[in-house]
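*Asks:* As annotated in TrEMBL:
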type	residues	note
TRANSMEM	34-51	transmembrane segment
TRANSMEM	63-82	transmembrane segment
TRANSMEM	94-115	transmembrane segment
TRANSMEM	164-181	transmembrane segment
TRANSMEM	193-214	transmembrane segment
TRANSMEM	226-246	transmembrane segment
TRANSMEM	267-296	transmembrane segment
TRANSMEM	316-342	transmembrane segment
TRANSMEM	363-384	transmembrane segment
TRANSMEM	390-409	transmembrane segment
TRANSMEM	446-470	transmembrane segment
TRANSMEM	476-495	transmembrane segment
Amino acid sequence: MRFWTLREKVFRLKNIPQGNLETQLRRCLTTTDITLLGIGHMIGAGIYVLTGSVVRNVAGPSIVLSFLLAGVASLLSALCYAEFGARFPKAGSAYTYAYVGVGELWAFIIGWNIILEHMLGAAAVARSWSGYLDSLMGHMIFNTTIERIGRIEKSSLFGDYPDVVAFVLIVVVAVFVALGSKASTNFNSMFTVVNMIVIVIVVGYGITFADFSLWRGVDDEGRSKFFPYGVSGMLAGAASCFFAYIGFDGLATAGEEAKNPARSIPIATFASMTVVTLAYILMSASLTLMIPYYQVHPTAAFSDAFALKGSVIAKVAVSVGALCGMMTSLVGGMFALPRCVYAMAEDGLLFKSLAVVNGKTQVPINAVLVFASITAIIALLFDIETLVEFLSIGTLLAYSIVSACVIILRYQPAKNTEDSTFDNGGKLKVSFPGSSILENLDPGHAIHYGVVVMVIGFAGFGLCLSSGHFESTSGMVIALLFAMISVLSLIFILCHHQNSILLNFKVPLVPLVPALGLLINTTHDAAPSTNNMASTCCLDDNRNVYLLWIWNSQLS
């Protein structure tokens, strides 16, 4: 195969008619169903665990601002998903958006990373749910399993014992997913509502113990009580809290089963992000107003705080909320998993049998059975916390690709329906020295180069910040050089016309909003860590596997 032929194949784009509602799946989900799915997937049990760790070790009471900043940062990416969800109401989420915007190779890489993250994430949540229940029962599950089955040989990869409860939990959730999208979302909605009621109880009861002197003034060492770790601690807390919002992309997988995706996906995105952000802010505020930040337990913050106040009922409510939160997070992952598999299989990038849809329930039944079984086995045997961390880069990569695709597609020429001509999308607004070279390119083609250079600038800038080189003069100069490259690339993109295509929802202030989302995501991605190195190897493996599937693609 010649190089240029291979290049054309790996970067070929999928053409999906805008607003195409044809599907084998059942369009039965309302805006409320999708909103609760997003809330449940995002809020999970992290609100009870992450909050204490960030308050105690990173931000103190200023965590309320950390969550606000993290929510705004996440919204930048969520807006991009909302536009694509309204434009292309398909089940593949970021996989489909990458296929339309940047080509088949990137779509395959993103698709496989989404699948792996949902599998490992669901298995991790199932083991956490089992472990939490075991602790509430005085470790009866652990002791019984060790007595009846025995331990697994000590390893960094395997768990201490086969987690039968986690295995059964995934099987039960998979049954609801297999029964149909309405059955699984109703199951999710029930636990999400219970979790939200618990959050209201915890916040309302916690406020009765509020002591605003814990936020005002300075402590004995002269540090601000609200900013005990300084503004830098608040910003570091925002970076940690950003990952609490991961899960909003699961909304997009419901696009192919929404009754009115053009309306439901954007509304559900805004509503779920707003509710989750308010929940995080109010929960962290009630916690830091109850007890001093340095007394907060890093892993059992709310239970410990209410125990200190002598409130047994609130402590029980927290336990119920944590179990319900983990359940909704598990349902969200298991709901999205088979739909991503279905989208790839339908395009020929996975076995076509995985795209088989059950005639009665109208769900991709083979995808549910195969991948739920694999996930259940992983939950049974493996200690997967480290593996989940390894794949966190995949989520940020998906966010980055979707943000980039919004910019790219907004500057592609659109066909006028009246006379079948194309508008000025992708054409230069002004001439400047050397612009004649760009004018010879196809309209919109130069935008690809502009986006690539901008991302390189963002990644370089983020690497300088995260590696500590920014503190030296040379590092600062290099960082500013990368920043200048990004700004010039953004200006270059602004010199082109956007297309005039009409959409039910559009990301405002393009390319600025997607560019800010790209900056945040690539800065996180650029942090040099062992996890990111392992994730990079995973991306390379996905690229190699894709070369084996290239001839099976529907576009071949």
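Just so it is clear, glycine is given a Cβ too, placed from its N, Cα and C backbone atoms.
Unlike curated entries, TrEMBL annotations are predicted automatically.
Walk me through the surroundings of each of these features.
*Replies:* Remote same-chain partners of the transmembrane segment (34-51), defined as residues 6 or more beyond its termini with a Cβ less than 8 Å from a stretch Cβ, comprise 63, 125, 128, 132, 185, 188-189, 191-193, 195-196, 199, 240-241, 243-248, 250-251, 254, 258, 264-265, 267-269, 271-273, 275-276, 279-280, 283-284, 287, 299, 301-302, 318, 321-323, 325-326, 328-329, 331-333, 335-336.
Within the chain carrying the transmembrane segment (63-82), a Cβ under 8 angstroms from the stretch's Cβ atoms is held by residues 51, 54-55, 93-94, 97, 234-235, 237-242, 244-245, 248-249, 251-252, 265-266, 269-270, 273, 276-277, 280-281, 284-285, 288, 399, 402-403, 405-406, 505, 507-508, 513-514, 516-517, 520-521, all 6 or more beyond its ends.
If you look at the transmembrane segment (226-246), the same-chain residues 6 or more away from its ends with a CB under 8 A from one of its CBs are 42, 46-47, 50, 53-54, 58-63, 65-67, 69-71, 73-74, 78, 215-216, 219, 273, 276-277, 280, 293-294, 392, 395, 520, 524.
Counting only same-chain residues 6+ beyond the ends of the transmembrane segment (267-296), those with a CB under 8 A from a CB of the stretch are 31, 34-39, 42-43, 47, 51-52, 55-56, 60-61, 63-64, 67-68, 71, 74-75, 78-79, 81-82, 85, 196, 199, 202-203, 206-207, 209-212, 214-215, 228, 241, 244-245, 248, 251, 302, 304-305, 308-309.
Long-range Cβ contacts of the transmembrane segment (316-342) within its own chain (Cβ-Cβ under 8 Å, at least 6 residues beyond either end) map to 37-41, 43-49, 91-93, 95, 111, 114-115, 118-119, 121-122, 125-126, 128-129, 132-133, 136, 169-170, 173-174, 176-177, 181, 184-185, 187-188, 191-192, 194-195, 198-199, 201-202, 247, 250, 253-254, 256, 302-303, 306, 350, 354-355, 357, 363-364, 367-368, 370-372, 375.
If one looks beyond the transmembrane segment (363-384) by at least 6 residues along the same chain, the residues whose Cβ comes under 8 Å of a Cβ in the stretch are 25, 115, 119-120, 122-124, 126-127, 152, 156-160, 162-164, 166-167, 169-171, 173-174, 177-181, 334, 337-339, 341-342, 345, 353-357.
Same-chain residues lying 6+ beyond the ends of the transmembrane segment (476-495) with a Cβ under 8 Å from its Cβ atoms: 407, 411, 428-430, 432, 446-447, 450-451, 453-454, 456-461, 464-465, 469-470, 511-512, 515, 519.
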*Asks:* Going along the chain, which residues at least six beyond the ends of the transmembrane segment (164-181) come within the CB cut-off of under 8 Å?
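*Replies:* For the transmembrane segment (164-181), the sequence-distant neighbours (Cβ-Cβ under 8 Å, at least 6 residues beyond its ends) are 25-26, 28-29, 122-123, 126-127, 129-130, 133-134, 141, 145, 149, 187, 254, 257, 327, 330-331, 334-335, 338, 358, 361-363, 365, 368-369, 372, 375-377, 379-380.
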*Asks:* With a Cβ cut-off under 8 Å, give me the same-chain residues at least six positions beyond the ends of the transmembrane segment (390-409) that come close to it.
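*Replies:* Contacts of the transmembrane segment (390-409) (Cβ under 8 Å, skipping residues fewer than 6 from its ends): 76-77, 80-81, 83-84, 93-94, 97-98, 100-102, 106, 109-110, 113-114, 116-117, 120, 243, 246, 249, 444, 447-448, 451, 455, 493, 507, 510-511, 514-515, 517-518, 521-522, 524-525, 531-532, 534-536, 538-539.
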*Asks:* At a C-beta cut-off of under 8 Å, are there same-chain residues at least 6 beyond the transmembrane segment (193-214) that contact it? List them, or none.
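*Replies:* That would be 36, 39-40, 43, 47, 61, 225, 275, 279, 282-283, 285-293, 302, 305-306, 309, 311, 314, 317-318, 320-321, 324-325, 328.
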